[in-house]
Amino acid sequence: MTDLPPFLVALPLVASVVVLFAGLARSETGWPIATLAGLAQLGLAATLAYRVFTAGPISYVVGGYEAFYGIELVIDGLSASVVVLIAAVSLGVLAYARTAGPRGNPFYATYLLLVGGLTGVAVTGDVFNMYVFIEISGLTAYALVASGDTGRSAVAALKYLIVGTVGASLYLLGVGYAYIGTGTLNMADLSAMLAEVGYQSTLVQTAFAFIAIGLFIKTAVFPLHTWQPEAYAGSPDSVSGFISALVSTTFAYALIRISLSVFTPDFFAAVDLAQTLLIVGAVVSIVAGSLLAVSQTEIKRMLAYSSVSQFGLVLAGLAVLNQTAMIGATVHLLGHAVMKGGLFLAAGVIATATGAREVHEYEGLSERMPYAAGVFAVLAFSMVGVPPTVGFVGKWYIAVGAVEAQLWPLAAIILASTLLTLAYFARLVERMYFREPAAADDHVEGESAEPQPDAVVADGGRPSLGMYAAVLVAAALAVTLGAAVVPFAELLEPTLDLLLS
Amino acid sequence: MTEIYSLRPLAAVLVSAIAVVPILLSGRRPNLRESWTVLAALAKFGIIASMVPGVLSGTVYATRLGTFLPGVEFTLRADPLGLLFALLASLLWIITSFYSMGYMRGLDEHAQTRYFAAFAASVASAVGVAFASNLFVLFVFYELLTVATYPLVTHDETDPARAAGRKYLAYTFGGGVAVFAGAVLVYWLTGGVAFTPGGIADLANADPMIARLAFALLAGGFGVKAALMPLHSWLPDAMVAPTPVSGLLHAVAVVKSGVFGIARVVLDIYGPGLVGELGMGTILAAVAAFTLVVASVIALRQDNLKRRLAFSTVSQLSYIVLGLAVGAVAVGSPGNASAYALVGGLLHIPAHAFMKLTLFFCAGALHVETHTDDISNMAGIGRRMPVTMGAFAVAAAGMAGIPLVAGFVSKYFLLIGSVSAGGTTYAVALLVSGVLNIAYFWPVVYTAFFESPTERDPKPLVEGPLGGRFGAAASKLRSDGGPATERSGSSWDLQSDGGPATEGSGSSSDLRSDGGEPEDGDSEAEQDDHGFAADHEGQGIQDTVEAVEQLDEDHGEDDRLDWEHRRWTGEESTWLMLGPICFAAAGSVVLGIVPDLAVFLRIVRLIVAGATGVTI
């Protein structure tokens, strides 16, 4: 028993308030405090993860109120991985955001609040408590998207707000149905009581449908993704890097958690339709997301649609419902966060230095920015799934899992997703390396004559060391994490055994 | 067979991978940069060659790098089959490095640093493919090879080059996905993907339908790089790359990695016996036989030399695949048919490599020195480039299977194998293809040595319209009113008559400057085309004009136009190019005369003994 779990959530929340009030006394204090809090959070997360992986799951009853009224925090291998990811990525984005902006203490306060909310989603063991944290994360994410200070960010944030709230409300409806059926909100209790009520009960099935669809919206599964491309493309680069890496990831985690811990694989065995829902969502997302990504002209929108497709892959790993595929889903969940966050930040570095935000503006980029172009290419190829990168390993496990479960059409789509991903990244790489910059002068003149109102250009114009460092670390991790997957899978196995039993 | 833990296989892969860094860093000093390439090439060959005696005496060197996936070790193993491919690739990389210097500097190419770096990375991946100890490691390096060679295909940065690059990525990653799917299936069936001489035992007990599906996926996936029809079409387009790339990668390293993959699948995953039992050997043999005949027929009509060589590669690669497939079908036939076919197929890997490298190097030398790329413009060129065309003649003879050159030995084994296995169809296909080989190589040699620009025989096969008389009528209808005769009639006649010479060349250069230049402007117009032609017709008028510029009235008899005469002592070009050409040609002769002395045949025998238990 340890008292650390509540601090995981409390630390960023308290730090957020500190940042806000420190800003009243002195501006420019946001970044140092946020970084300190981030470091502490990472240390805390690593300590807890170490304990979880060596000594098994930790649960903590908040305030000593046992269930049925109290709230329980549960950290097992899966949630510990996500918590470490959140802490690490938020620290990396802080390194980037220092010069890239947005500046000011309110931004850092919101940022920390989001970190707290996401961590809360990851560690809670109570479905209603999870709703609270989903709302905290959602609201702060809307605010961060709007921090771009342009008309485009505001519209994107409004759209995100409306669609995102619908998603959260659907989730809450689902929780309500489950509560009516069972009279409890604790995940562990729910899973037992739902089985007692009977999986064929309409109440239970409706609860699952509402929760799944709500989280589909939050995760941006096609066709419920409509908020996402604008939210990513319209927000400042630091923010799009952060939310693309963490927000959808955490909500996908929430879906996995609810599906496996609350409804359990038995539910899926009893209700074919539920598994079909997941599989169809996965397949449609993979295919449609890639096709939409190919047709984009703006880099960040393309990356956003790529996320739609990649989360389809994660969903596929969940839908297969066996251990191999779940390892794959977890690896891809974490790996995608690193790769996609890195790609958004790399796009930000490139845009800061050259103003290039469109696909055609990347022509001949390798000569102007060899390092940024190189990092972008490495991340792109690892997203495609070129071995031995982490993008490949995740896909391997999911594919092997799908074959083991003999879900042939799903396996075919998973494999074909490599080519679909290649379709939109290869054209970028080709433009960066094998095309002359198409009359670069014209573009510069064009932009200075008619500055794009929507473009969120950081001041400065020269990427800082921190910006480069964040991007380089992401690329290095994308390449090397692949080798760490086997030991990680061994650590994860006890958790998954428990979840899938 | 003893297995020794050694760092040598890893070192062999890494030495050129690490060399990429100093090559990139010394981009501003070409001589330093090239010395890194040469140093890495020599070191790589030294490391690989040092393992040959051990492997021949039954030792296998292995580097273990830990577990990558459950049940799948990331291990590099230098077993006989891997060593065959690695030794070949690293030996030929040395001479290709020298040739590249002569070629790239001779054409004053752009982005040479990227070129040499990508080249080193490609060879590292190719050796990784060779030393892979299981299907998974093989797949890793197979994909890396695709990525590393992509910059070489698109080297020119022109529209055709980018199109070829896109096609290359689409085809080979498509193949990669199929290999991946096949590997997943094998993994699912047997719980492992490690190469085992004679095949993975569990696979024989698995569901035959799924085993067949996995085999089809694997063979089809590797078949993309092995250019099995109908998956070959990326290869002629990839000829847009600089010629050393076409030589080493698109005749040796890349395409052979596909063939090598098929060899691994047949010999070390399924085992020849099981492939035959599943009935997949017959299908594979049929595809290979079809490819080797049809590609030869297509090669007949190519006027552009590099395209003709590309289709020749497509055809010759299928000899290897045919050897493997017949070897699988013939397991259990009398007279060691299976072993003979396997020896023939595998020996064709080095044999074809030496010969085709010679041919590509010759094509590149012709291009650098005379800018002549279409065979129809090569009349009499033997006087200008005697050593080059001499080497070309030797290698071409070997391709056709004429004794004393490498191609004969492998085809001999292949033929014995097919005949004693009762595979008459395959034997006939082999013989027909041999005749076709002569039919498409002899005209090149003939025109180079026995014709002159002013006196040429008609070449109905190349120049005649497709579809014979009816085709001619159709094409007349199409080009009605146009100067059809002027275009097809050679411009030499016009010039030697003294009459409308200026008009002829003037109008053609107009054509070129009007239509030939891309819209982007100067940068692309100055690009070298590396002898690439986009279609079967060759480069046409553009190449004719470039060839005419080389001709001079002072050299022919009676003041007729002719090539400048140069002596056999190497004044035709730089020794940076002639040396590699002579080395490769000599290599193919050595393989043909004393195959047992050349180490390749001994390695091949060892492989076959390991896979079938029969020693020849």
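Cβ coordinates come from backbone N, Cα and C, glycine included.
Over in TrEMBL, the protein carries these features:
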- B:516-527: compositional bias 'Acidic residues' (COMPBIAS)
- B:132-436: domain 'NADH:quinone oxidoreductase/Mrp antiporter transmembrane' (DOMAIN)
- B:472-530: region 'Disordered' (REGION)
- B:37-61: transmembrane segment (TRANSMEM)
- B:81-103: transmembrane segment (TRANSMEM)
- B:115-133: transmembrane segment (TRANSMEM)
- B:139-156: transmembrane segment (TRANSMEM)
- B:168-189: transmembrane segment (TRANSMEM)
- B:209-228: transmembrane segment (TRANSMEM)
- B:248-267: transmembrane segment (TRANSMEM)
- B:279-300: transmembrane segment (TRANSMEM)
- B:309-331: transmembrane segment (TRANSMEM)
- B:337-366: transmembrane segment (TRANSMEM)
- B:387-414: transmembrane segment (TRANSMEM)
- B:426-449: transmembrane segment (TRANSMEM)
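Within its own chain, the transmembrane segment (B:81-103) has Cβ neighbours under 8 Å at 12, 16, 34, 37-38, 41-42, 44-45, 48-49, 51-52, 55, 115-116, 119, 123, 126-127, 129-132, 242-244, 247-248, 252-253, 256-257, 260, 263-264, 267-268, 346, 349-350, 353-354, 357, 361, 364, 368, 573-577, 579-581, 583-584, 599-600, 603-604, 607, counting only residues six or more beyond its boundaries. Away from its own ends, the transmembrane segment (B:337-366) comes close to residues 81, 84-85, 88, 92, 95-96, 99, 103, 242-244, 246-248, 251-252, 256, 259-260, 263, 267, 272, 305-306, 309, 312-313, 316-317, 319-324, 326-328, 330-331, 372-373, 378, 381, 385, 388-389, 391-392, 394-396, 398-399, 405-407, 409-418, 420-422, 530-531, 573, 577-578, 580-581, 584-585, 587-588, 591-592, 595, 600-601, 604-605, 607-608, 611-612, 614, 616 of its chain (Cβ-Cβ under 8 Å, at least six residues beyond either end). For the transmembrane segment (B:37-61), the residues of the chain that approach it from at least six positions outside its boundaries are 1-6, 8-9, 11-12, 15-16, 18-19, 23, 77-80, 83, 86-87, 90-91, 93-94, 97-98, 100, 116, 119-120, 123, 127, 599, 602-603, 606, judged by C-beta separation under 8 angstroms. Here the transmembrane segment (B:248-267) does not lie next to the transmembrane segment (B:387-414) in space: the count of CB pairs under 8 Å, restricted to residues six or more apart, is fewer than 3. Simply put, out of B:139-156, B:209-228, B:309-331, B:387-414, B:426-449, B:209-228 has the most Cβ pairs sitting under 8 Å from the transmembrane segment (B:168-189). Here the transmembrane segment (B:139-156) has Cβ contacts under 8 Å with residues 109, 111, 114-115, 118-119, 121-122, 124-126, 128-129, 132, 162, 164-165, 168-169, 172-173, 176, 179-180, 183, 225, 238, 240-242, 245, 249, 253-254, 257, 261, 527-530 of the same chain, all six or more residues outside its ends.
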